[in-house]
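> Handing you this structure, nothing more for now.
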Amino acid sequence: MKKQRIVVKIGSSSLTNDRGEIDQQKFDDHIGALAALRNAGHEVILVSSGAVAAGFAGLGYPSRPLTLKGKQAAAAVGQSLLIQSYIEKFSAYKIVPAQILLTRSDFSNRERYRNAFATMTELLERGVLPIINENDTVSVEELTFGDNDMLSALVGGFLHADQLIILTDINGLYESNPRTNPTAKRFDYLEEITEELMAGADENGSKVGTGGMKSKLLAAKTASSLGVSVFIGTGKGDDKLIDIVKGMGDGTYISNPSIAKLNTNRQWIFLHSEITGKLYVDEGAEQAILYNGKSLLPAGVFKVKGEFQKGDVVEVFGLNGLLGKGEVSYSSEELKQTIEKRNRELMADLQSSTVEVIHRDRWAKI
Ligand SMILES: Nc1ncnc2c1ncn2[C@@H]1O[C@H](COP(=O)(O)OP(=O)(O)O)[C@@H](O)[C@H]1O
Ligand SMILES: N[C@@H](CCC(=O)OP(=O)(O)O)C(=O)O
């Protein structure tokens, strides 16, 4: 089988018990399967939850804390315990793990985004197994990835993974939560995540998890839009991950072969950049940038909102709403002046201006 780059996400409920401890049996099962996946020649990146769930007991809480400071303190205790266990258990397979704790600002800041990419690439080239979690202890609530399902989707896209495997305590996506509706049917294969599917997935998961099936579907939707295939489900034994990669996993596969991978630059523009302005374009420009793969030229822009500098990212609106986002080659001042001059019909040379407002390589459509 062709070597693949695979992101495996393991949820809290699949790593810990309700008492706030790492469940050694579950943990060992994952370690064996991850090692087997690497031995089969695949590149593996692990997104591991469980810091809060493995840490609250050590902090003296009887169950997962509800306050932000409680969760952040529990994560500080639990993350060390998790990594200690990963190092210990992987050493038996001669696998060197590396801990990477990310915050959303590591992705929204372009330089840090590039650095993170370079570092993870270096780790993978050297055969190290990156173990990623959100840096819960310092993350500000309003500025998080949301949950680790979304983090794993973003990591999958970022590293141009072939597949994202979301391991959880249930064998896939059902029409509605099978814990409350035992007759609900499971989906084996899906091409897209529709609104109807989203409506059938509730946010209630295990006592230790975050977001239930809803967050997994949102993550699957994001990963698919970035050209990464997704599996949501469960399994047991050393071969469980290999079986999943072979298409024999116990869960739901979500894959749409018609969606191409999005390059790193466009992903950053599309998902992580801070928006500083808005451009409104006419019908001709909309056609050109949406369907003809052209850059956006000044002649197609009729309104500019906000204040931005050259290199900033703006949203572009057509007649019926948002079209996409792109990196501008003009400041808002320059662009406003250009439009004003054109409107006064003083600028004959504007029509021949070839300096695009947004180059097609720096454009990501919705
Ligand atoms: N439509 C659905 N199909 C399957 N599971 C669902 C659905 N809606 C809600 N769930 C719940 O989602 C849970 C998994 O989410 P969660 O506990 O957050 O997992 P993890 O800790 O692995 O992230 C399942 O145990 C199930 O109770
Ligand atoms: N970063 C948190 C996990 C957040 C989360 O999304 O949890 P889960 O739903 O179990 O994947 C932690 O390590 O406790």
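Yeah, the Cβs are placed from backbone N, Cα and C, and that goes for glycine too.
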> Would you identify which residue of Ser48, Ser49, Ser229, Ser255 TrEMBL lists as part of the substrate site it also attributes to Asp136, Asn148?
Ser49
> By the count of other Cβ atoms within 10 Å, pick out the sparsest of the binding-site residues Ser49, Asp136, Asp169, Met213.
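Relative to the other binding-site residues in Ser49, Asp136, Asp169, Met213, Asp169 has the fewest Cβ atoms within 10 Å.
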> So of all those binding-site residues, Ser49, Asp136, Asn148, which one's Cα sits nearest to Gly211 (ATP binding site)?
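Closest recorded candidate to Gly211 (ATP binding site) by Cα: Asn148.
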> Can you name the binding-site residues among Ser49, Asp136, Asn148 whose CA is within 10 A of the CA of Lys9 (ATP binding site)?
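Passing the 10 Å Cα cut: Ser49, Asn148.
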> Checking the binding-site residues Asn148, Gly211, Met213: which ones have Cβ within under 6 Å of ligand 1?
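Once distances to ligand 1 are taken from each Cβ, Gly211, Met213 fall under 6 Å.
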> Looking at the binding-site residues Asn148, Ser215, which one has the fewest other Cβ atoms within 10 Å of its own Cβ?
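Across Asn148, Ser215, these binding-site residues, the one with fewest Cβ atoms within 10 Å is Ser215.
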